[in-house]
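Participant: My questions will all concern the structure given below.
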Amino acid sequence: MPIEETLVLVKPDGVARGLTGAILARIEAKGYALVDVRLVEPDRERLEKHYAEHAGKPFYEPLLEFMQSGPSVAIRLAGNRVIEGFRSLAGTTDPTTAAPGTIRGDFGRDWGLAVQQNLVHGSDSPESASRELEIWFG
Ligand code: DAT
Ligand code: MG
């Protein structure tokens with residue numbers, strides 16, 4: 001099995017709440033390698049590319065606005081089956097129902113916040129990973 005790479009983002013809520021270190025600790029404990037890490041304040045154009053598959057959905061505009069509300073930490077992450085593995089660490093999209101033990105399940109606050117405030121992004125396929133790594137790391 002070749003080593004894969006994936007794009008992970010610690011989203012603005014994760015950075016603002018000081019959870020970057022806790023999230024990185026879980027990633028490192030799992031054995032994945034940090035290839036590149038940077039603090040990014042993405043403009044709308046970059047986010048439109050990143051979230052192209054969601055254009056037109058009801059949560060699209062709030063999502064883009066939220067993603068411009070503060071810096072994110074972009075991570076180029078490598079490891080065996082890391083695409084699937086990081087999504088497993090992250091938990092399912094909605095923090096309310098994400099399993100305890102996952103990043104979203106343990107840290108996702110459930111006090112009426114929108115679903116987009118779910119702390120992290122992880123690419124969902126090899127095709128998404130290469131497309132998204134190009135968008136965030138060039
Ligand atoms: P994921 O981030 O788990 O891959 P996704 O790709 O379906 O989820 O959606 C991208 C982001 O959009 C997600 O992290 C949060 C937001 N989102 C998805 N579904 C939503 C919904 N029904 N309401 C509000 N935000 C939503
Ligand atoms: Mg997704």
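Using N, Cα and C of the backbone, Cβ positions are placed for all residues, glycine too.
Note that TrEMBL annotation is computational and uncurated.
According to TrEMBL, the record shows the following:
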ACT_SITE  His121  active site, pros-phosphohistidine intermediate
BINDING   Lys11, Phe59, Arg87, Thr93, Arg104, Asn118  ATP binding site
DOMAIN    3-138  domain 'Nucleoside diphosphate kinase-like'
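Help me picture where these features are in the structure shown.
Facilitator: DSSP classifies His121 (active site, pros-phosphohistidine intermediate) as strand under the three-state reduction. Taking Cβ-Cβ distances under 8 Å and a sequence gap of 6 or more within the same chain, the neighbours of His121 (active site, pros-phosphohistidine intermediate) are Leu7, Val8, Leu9, Lys11.
DSSP assigns Phe59 (ATP binding site) to coil in the three-state reduction, outside any helix or strand.
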Participant: According to DSSP, which kind of secondary structure is Arg104 (ATP binding site) found in, if we only use helix, strand and coil?
Facilitator: helix
Participant: Mean pLDDT for the domain 'Nucleoside diphosphate kinase-like' (3-138), as a whole number?
Facilitator: 96
Participant: Looking only at Lys11, Phe59, Arg87, Thr93, Arg104, Asn118, the residues listed as binding ATP, what is the longest Cα to Cα distance in Å?
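Facilitator: Greatest Cα-Cα span of the listed binding residues: 21 Å.
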Participant: Under DSSP, is Arg87 (ATP binding site) helix, strand or coil?
Facilitator: helix
